[in-house]
Structure formats: C-alpha cells, structure tokens
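Per Swiss-Prot, the features are:
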SIGNAL    1-25  signal peptide
CARBOHYD  34  N-linked glycosylation site
DOMAIN    84-378  domain 'AB hydrolase-1'
CARBOHYD  99  N-linked glycosylation site
CARBOHYD  159  N-linked glycosylation site
ACT_SITE  172  active site, charge relay system
CARBOHYD  271  N-linked glycosylation site
CARBOHYD  319  N-linked glycosylation site
ACT_SITE  372  active site, charge relay system
C-alpha cells in the first residue's frame, strides 16, 4: 500500500511540474461551477422543494430554450430525474455541450424543463429539523425517494407551472424510483403524461461490476466499512484532482475509466474534453443505507423495500416481519424504455424480464453498443436517443 501511494505521488508530482510526460489542457470553466452556476451561466433559476418528511431538495429549471427565450406562454413540462444512487445529480443532464445535453435539447424544443435531485446528494443536503451530522438524517434509501421525493417534486412543479400533467424522464435509479412511485401511487401516476425510462435498474440478477461484488458482503460489514451516514459525497479533494489531474492529456483516459469500471466501457463515445467537468460533479453522494439497499437487491434477487435486518425491526416499519415486494405490474402509465447492449448495471437479460412486466409499454429500443453512461454523455445520444424522446413527447402531447 505504501508503494502504491508513492507511485501515485510520483505521477502527480510529474504532472504538476509540467514534466516530459505530456501537457496540461485548459480547465473547462464549467468544471469549477456547480449545477446552479452552470444553469445560471445560461440564465436559469433554482428552486427548493420540501418533502413530507422534512427534506429540502434542490430542483433546477430551464424554462425556455435559446430560440424561444421571449415566449412567456405555458409550455409542456418535463421532469428529468437522474438519481443513479450514489453517483450523480441534476447537473448530469447539462454537463455536455448545449447541443449534446438532454436538458438543453428539450428546452430548445419548446419544453419547460425541470431537473431533480435526491435527498443526500450535493444539492439536497438540507432538512427542516435534522443536520447532515446526525445519523437520523441518513436513514433513507430509494424507498423514501419514491415515497417522498418524487411526489413532492412533481406536485411542486405542477403547482408552479399551473399544468395538470408533465413528462417524466428517469435514468438508472431515477427509473427505479419512478416505477415504484407510479405503481404504488396511482393518483401520482395520473399526473404524468408519459414515463421515459433510460437504462432502468430494477433487478441486478445478471448485472456485473463493483456493485455486484459489494452485494456479496454482509450488511453489517458494509456498515463497518462505510459507516452509517453518507456514501461517496462530493469532496474538495475530488474537485482538486479533477481540475489539476484529469485535465492532463495522459490522465483524461484514466479519469474516464473510473466511471467505466462501474458502468461498462465505451470510451469512443465519450467527449474526452469534458472529463474534468464530469468528474467534478460525480460522485454527488447518497446514504450508506441506500447503497446497502442496492446490495440487498443483489442478494435477494428481487426488488423489495429495505430490509432492516430483523423481524422485529421490519414489523415496526412495515407491520410485517419481512420487507414488502414492489410490483410494477400495477402501473398504468404509458412507458417508453431504452436499454444498452453493453450496460453492466441494466443488463439486457434483466431488461428483457422487465419488459414483460410493464403493462403499458408503448416503445422499446435497445442500442447494442451502449453502456450505462451513454444515455447521458454519449456523443451520439442526440440522434440515437434524444430526438426520439422529443418526437414521442410531441406525439403524446
């Protein structure tokens, strides 16, 4: 371990000294911006949403595009709910250049775009009574995101815009939250015109990568390793490494591979000039309990509520000795789904099972070359995915 540390220090020293190993490219200005600053850079506002259990979520809005900025009339509303567990925040919808980011593309197409954040990530770390230093603050998983965060966000957006319905777009865990919420709360589903599921993760039976390996460890060991509070929060060290190391020509690929190790490899489809922007905004953090919940999905081979570890604790939370199962077969909402053939998390075999369980599936497309991150950062995402999303929204308008 000491030898590894010395090697890392040696490499970093060479890079910072501007030695013979290569050159340092200019830092992208957006690498030093948070999501609010990125959006405000384009002239758009931020909102705060309070959930029923007291969490305060940051929601970002792009009310108009570049071509329709003087159009003040009502527009169809889109809610982008990225929430991939412990890696991302709303910035991921806008961290590519404007003509390659779904948030900006939808705004330019005439939609009122809202982008949400989960409790516990960089932009949703406030609570009415709790502090992030308290264990109680971090006692949540995607159960609470589906039960509280998504309904609060949708209701706030509809109230603010005066609309009766909106389009909901989710990626990864954002889809998990949507499927749970819309199947458990039919009244909430009625407020959504159509659900767009990008690389949905509802089971990990055929998945591969680090998450599957973590899933083999006992819950108590995971808590011993990571504590009981936050997991992979955004940090000053990560930002420093992103802006000082990931801008170096020979290090960009290494920084990009950090993401690929989790989600699958497709290096040719990533904008390498934006790696420092990606890495300064990811990871954005979540709770250890949320991470443990996902490892339970791996262990038990089914999507169910969080297992509190004993019959007594489960009975206290659920009035039964075991966690209740989630069934999406009850969801009555037009749904379009896209999947990737090289996605390590939303594996094709898991997706094929999911497709048989969606009662109102109206569209599905598999993109054979794509991994989990191509849906948000892929260079070819506009013409292979985003244009189809816009077309379907206008069709179901």
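Backbone N, Cα and C atoms are what each Cβ position is placed from, and that goes for glycine too.
Annotated features, which come from Swiss-Prot, shown on the structure.
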residue : record                      : contacts (Cβ under 8 Å, 6+ apart)
99      : N-linked glycosylation site : 105, 382
159     : N-linked glycosylation site : none
271     : N-linked glycosylation site : 96, 97, 100, 377, 379
319     : N-linked glycosylation site : none
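Looking at residue 172 (active site, charge relay system) and residue 372 (active site, charge relay system), their Cα atoms lie 8 Å from each other. Cβ contacts within 10 Å of residue 372 (active site, charge relay system), excluding its own Cβ and spanning all protein chains shown: 28.
There are 27 other CB atoms within 10 A of the CB of residue 172 (active site, charge relay system), with all protein chains counted. DSSP assigns residue 319 (N-linked glycosylation site) to coil in the three-state reduction, placing it in neither a helix nor a strand.
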